[in-house]
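What Swiss-Prot lists as signal peptide is 1-35. Annotation source Swiss-Prot lists active site, proton donor at 54. The active site, nucleophile feature in Swiss-Prot is assigned to 70; the stated evidence is similarity to another entry.
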């Protein structure tokens, strides 16, 4: 009987230890996920905001293809991947690894040439647009776009946010939307260039002790100015028509919704009216 009581006591302590460990692990994981970016609902809302700006709908447009005459060839898919900048190429490469025999595989040599030359030429991409559109509901094609989007845009946006000391979900969503449109290159219109200009105007970043809300307001000013007067003249007309996306983001800040809670009401003459839950 004594042995049985000892065993019972052992298992009771083991159960308590396991419970404590589980609670600690869960807490650490939740904090890690938040530190790495946005939570699931915040990320969804950020992506839906960008989808409104890019495609006029809260539904992610995997099958979107259009030539915007902005110097970037075809603009495609959920993040506006383009044939001139190499991200459309990366999507097709990732997709081809998953599905070796696909409709887009034959365009890989030309996509590589266009990416290398940063060319907006689409003369040798006959049938590319229709092939891309036809794969809109393909599970692997969607997964390829999601993977490239996270690798090239979402993760870098969260890293830049961490480096700048940004804590609010809205600020991080603004960073994500900015990198989607401006890219994360080293040109004067790039995402990082805008951050550097903002830091100069604000006297530093939130990581340096600058108030995050004031810094974000400065950043939106800088981005607005860049959209109106981009260094890249090929994008000038297209970008000037997109300044309303900054107005929408600023309106969310004015509503003090820095946690990016739903519902978010988007009211825009340029993009229309939407409710993001």
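Any Cβ shown, glycine's included, is placed from N, Cα and C.
Counting neighbouring Cβ atoms within 10 Å of each of the active-site residues (54, 70), the lowest count belongs to 70. Here the CA atom of the residue listed as 'active site, nucleophile' lies 14 Å from the CA atom of residue 54 (active site, proton donor). In three-state terms derived from DSSP, the residue listed as 'active site, proton donor' belongs to a helical segment. Residue 70 (active site, nucleophile) falls outside any helix or strand according to DSSP and counts as coil.
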